[in-house]
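Novice: One structure, as structure tokens, below. Some questions next.
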Amino acid sequence: MSTEVNANQSPNAESRQEAARSGERDKALNLVLGQIERNFGKGSIMRLGDASRMRVETISTGALTLDLALGGGYPKGRVVEVYGPESSGKTTLTLHAIAEVQRRGGVAAFVDAEHALDPVYAASLGVDVENLLVSQPDTGEMALEIVDQLIRSAAVELVVVDSVAALTPRAEIEGEMGDHVIGSQARLMSQAMRKITGNIGKSGCTVIFLNQLRLKIGVTYGNPETTTGGNALKFYASVRLDIRRIQTLKRGTDEYGIRAKVKVAKNKVAPPFRIAEFDILFGKGISTIGCLLDLAEETNIVARKGAWYSYEGDNIGQGRDNTITWLEQNTEAKEKIEKLVRQKLTEGSEVSSNSMRPLTTANRKAA
């Protein structure tokens, strides 16, 4: 009889013991979390599922196709690297991001290590040049220290560094022409990344580094291209964009812009290896209406038969340029098409062409 009673009571006793252990564990966890926050400050440790940490806010790139490929735009509180050959649209891409930040009331800074920023061109892209913070540092150390202080202020939403290749170490500047200072720039970037990464996460500031391409000597097989400044930036960047000029836009013999293709080479906040294409017009920047037309065609909102584009059964233009002109002149139709495009993209409508496609083995060779 006593054996049956003990057997019946055993599960209850085990559950009480488990509850007691769980209570002690929770108490110990709360004590250590409180101790860590007292020692290192509030927010030094947190649960990943907190609502404030789950969703990564973004800054628009200025190109709807690229926003789609990135999962919304440049992520806030992260490091972004944009690299590519000369005259491919790197600076234009970042100036559009600056204009977007300023339009929303934020503060942006441009660290012009190349000493090549054109304020007239920046203003034509919508940048408020009077309120844009600009620094033209003498050395790489000075540039990165300015970047660090801007980040730690938590008052700046976006910092652009143009470019990593122009961040010349002090030892190289103070030395004589022809002196070999091996690895000095890579060491400088590695130290800077270690120092600023933590502050970027706390302040929510986005830092975009522009970078140039170099060729590895003696590479017979594989891609000989590499970026400057060592490997540190490759590891610390949450997003890496490879931008290339794939076509020159012409009207007759007059060149009026380029067609750019961006490969998302790395993305920690959305699926990587997507591709976006858009037009960059000389003196005007990214063609937002051109991006809209591309996506409207891919989502079957605007149809194309031969050279003619049609919307709701009516022809709106013969050829891409004429259709873009029609959309510029008919703002009501443009806004309606944009609303439909965003609605379809939000619903997960499949976009099948270059503006958003995984870079598979087959199309990687084609790209």
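The backbone N, Cα and C atoms fix where each Cβ goes, glycine too.
It should be emphasised that the depicted structure is a prediction, and the values quoted were computed from it without experimental measurement.
Quick paste from Swiss-Prot:
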{"type": "COMPBIAS", "residues": "1-14", "note": "compositional bias 'Polar residues'"}
{"type": "REGION", "residues": "1-24", "note": "region 'Disordered'"}
{"type": "COMPBIAS", "residues": "15-24", "note": "compositional bias 'Basic and acidic residues'"}
{"type": "BINDING", "residues": "G84, P85, E86, S87, S88, G89, K90, T91", "note": "ATP binding site"}
{"type": "REGION", "residues": "348-367", "note": "region 'Disordered'"}
{"type": "COMPBIAS", "residues": "349-367", "note": "compositional bias 'Polar residues'"}
Novice: Looking at Cβ-Cβ distances, which residues of the chain lie under 8 angstroms from K90 (ATP binding site) while being 6 or more apart from it?
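Specialist: Expected: V82, Y83, G84, D162, S163, L210, I243.
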Novice: Near P85 (ATP binding site), which residues of its own chain have a C-beta under 8 A away, given they sit six or more steps off in sequence?
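Specialist: Expected: L213, R244, R245.
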Novice: For a quick check of packing: other C-beta atoms within 10 Å of the C-beta of S88 (ATP binding site), how many?
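Specialist: Taking every protein chain into account, the count is 22.
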Novice: Taking the Cβ of S87 (ATP binding site) as centre, how many other Cβ atoms lie within 10 Å?
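Specialist: S87 (ATP binding site) is surrounded by 11 other Cβ atoms within 10 Å.
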Novice: I need the neighbours of the ATP site defined by G84, P85, E86, S87, S88, G89, K90, T91. Which other residues of that chain put their C-beta within 8 angstroms of the C-beta centroid, in sequence order?
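Specialist: So the additional residues around the site are I243, R245.
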Novice: At a 10 Å cut-off from the C-beta of G84 (ATP binding site), count the other C-beta atoms across all protein chains.
Specialist: 24
